[in-house]
Amino acid sequence: NMVQFKSMVQCTSTRPWLDYVDYGCNCDIGGTGTPLDELDRCCQTHANCYTEARKFPECAPYYKTYSYTCSGGTITCNADNDECAASVCNCDRTAALCFAGAPYNQNNFDVDLETRCQ
């Protein structure tokens, strides 16, 4: 779920969570358009991963709770998660690690979606 995703991002990155919420074209719920950079591409991939997770019965990625641990920037999704939870956890894990490895461009924060996101 989104609270757990926030915690994962905070575990892997030194940036405040809110720096990612309105970044680029794809880092907000319902984001769309060609990614502006690597970090925005992380968000697009995360959104696409959630779309795949929704294929499991009654799987709602934004709300699904899962079990995981995070220590020293290493995230482990627990093996006892059901299919939906495992899928969502892996989506969030992959995105959090992607965020941590991608450069942050302040010019891509709070962009004008109509002019910059086609």
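Numbering starts at 1 and runs along the chain as it is shown here.
Cβ atoms here come from the backbone N, Cα and C positions, even for glycine.
Here is what Swiss-Prot says about this protein:
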DISULFID  C11-C70  disulfide bond
DISULFID  C25-C117  disulfide bond
DISULFID  C27-C43  disulfide bond
DISULFID  C42-C98  disulfide bond
DISULFID  C49-C91  disulfide bond
DISULFID  C59-C84  disulfide bond
DISULFID  C77-C89  disulfide bond
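Location within the structure of each feature annotated in Swiss-Prot.
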residue	record	Cβ contacts under 8 Å, 6 or more apart
C11	disulfide bond	C70, G73, I75, A96
C27	disulfide bond	Y20, V21, L39, D40, C43
C49	disulfide bond	S87, N90, C91, T94, A95
C77	disulfide bond	Y66, S67, Y68, A86, C89, N90, R93
C84	disulfide bond	A53, F56, P57, E58, C59, K64
C98	disulfide bond	L39, C42, T45, H46
C117	disulfide bond	G24, C25, G31, T32, G33, T34, L36, V111
Among C43, C59, C89, C91, the one of these disulfide-bonded residues whose Cβ has the fewest neighbouring Cβ atoms within 10 Å: C59
Fewest other C-beta atoms within 10 angstroms, as judged across C25, C42, which are the disulfide-bonded residues: C25
